[in-house]
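*Asks:* Handing you a structure now.
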Amino acid sequence: MNAVLRLSLGNFLFFAIFALTMIGVKDQNDRRDAWHHGGWIAKFAIWVVLVVLMFFVPNIVISVYVFGIAEILSKFGSGLFLLVQVVMLLDFTNNWNDSWVEKDEQKWEIALLVVTVICYLATFAFSGVLFMWFNPSDHDCGLNVFFIVLTMILAFAFAIIALHPQVNGSVMPASVISVYCAYLCYTSLSSEPYDYACNGLHMHSKQVSMSALVLGMLTTVLSVVYSAVRAGSSTTFLSPPSSPRSGARNPLLGDSNVEEGKGNSEGSEPRPVSYSYTFFHLIFALASMYSAMLLTGWTSATSERSELMDVGWTTVWVRICTEWSTAALYIWTLVAPLLFPDRDFS
């Protein structure tokens, strides 16, 4: 685990340095724009140097990164990354729904209906399984029941609000968000301490811990890959509304008036960047922090069973608060246009 934490710190420093370097880049004529889009060999060399250096720093440096003075910063940054994941999910589901609706064909409408039904069936079936696993009949597990019931209520609320005539939403994104909330509820409950009586999976705590860790890492990878893919889109969530498409780059060779050995002249036409380069690198830096928190269970307290990762009450509440934040953000995307009709939320 120590090696993974050192790799995490190296990644964090690499992307944090680039995030700071790209502050204030608003025009593609800025020299830093070329550094952001190119220089891959140099970037790789810098990354290798930083990662290798982390394996030579004293253990106290790693402890400070994960447990010491920077513990609050790491937890805050990791929690922020979870919220970024939620924003990415909302962006993905809305674009998925819009792309199928725009086709305006019956087969795509049927596909939307099928996806919606499957997601809702999975949500409520999953909730039933959670009742079996985390609400033993011989114990009073009011907290677990509250988490599960609230998850089911949220699923109903998403559909009701999305189908309201004034909202003019779609039930397909609501169903996908419902499944995700059920998944977050599961990860929260499965992170309860192995000796907690209401944790019905305590006999398989090691396997559950590892599966939760793998799923957490998988969602992290998917999030950063999605952010990278969407960064080049003119409709990306990283972009200001008026930004142009990032693909509109200068030709490799300019006109005959361009002097040899020079790039864009001082009088060249301004070309605003299509997304925030700083925020782009910040996502990767936060993902590095999040991976460290996954491995340490969001706490510096040493577990009685050191082979269990991402287990403990801190993890439980981080996960459940992420679920509630997901619900709040999704509901906000539905009702915000009604509350502020003069604003453009497209």
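Cβ from N, Cα, C; glycine included.
For reference, TrEMBL lists these features for the protein:
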{"type": "COMPBIAS", "residues": "234-246", "note": "compositional bias 'Low complexity'"}
{"type": "REGION", "residues": "234-271", "note": "region 'Disordered'"}
{"type": "TRANSMEM", "residues": "7-25", "note": "transmembrane segment"}
{"type": "TRANSMEM", "residues": "45-67", "note": "transmembrane segment"}
{"type": "TRANSMEM", "residues": "72-90", "note": "transmembrane segment"}
{"type": "TRANSMEM", "residues": "110-134", "note": "transmembrane segment"}
{"type": "TRANSMEM", "residues": "141-164", "note": "transmembrane segment"}
{"type": "TRANSMEM", "residues": "210-229", "note": "transmembrane segment"}
{"type": "TRANSMEM", "residues": "275-295", "note": "transmembrane segment"}
{"type": "TRANSMEM", "residues": "316-340", "note": "transmembrane segment"}
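Are these features on the surface or tucked inside, and what touches them?
*Replies:* Residues 32-33, 35-36, 46-47, 50-54, 61-62, 65, 273, 277-282, 284-285, 288-289, 291-292, 295 of the same chain lie 6 or more positions beyond the ends of the transmembrane segment (7-25) yet place their CB under 8 Å from a CB of it.
Sequence-distant contacts of the transmembrane segment (316-340) (same chain, six or more residues past either end, CB-CB distance under 8 Å): 79, 82-83, 86-87, 89-90, 94, 147, 151, 154, 157-158, 161-162, 166-167, 169, 173-174, 177, 180-181, 184-185, 187-189, 191-192, 298.
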*Asks:* Should anything in the same chain at least six residues away from the transmembrane segment (141-164) have a Cβ under 8 Å from its Cβ atoms, list it; otherwise answer none.
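*Replies:* That would be 120, 123-124, 127, 130-131, 134-135, 170-171, 173-175, 177-178, 181-182, 185, 188-189, 197-198, 320, 323, 327, 330-331, 334-335.
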*Asks:* Against which stretches of its own chain does the transmembrane segment (45-67) lie, if we need a Cβ under 8 Å and a gap of at least six residues from its ends?
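*Replies:* Result: 2-3, 5-14, 74, 292, 296, 300.
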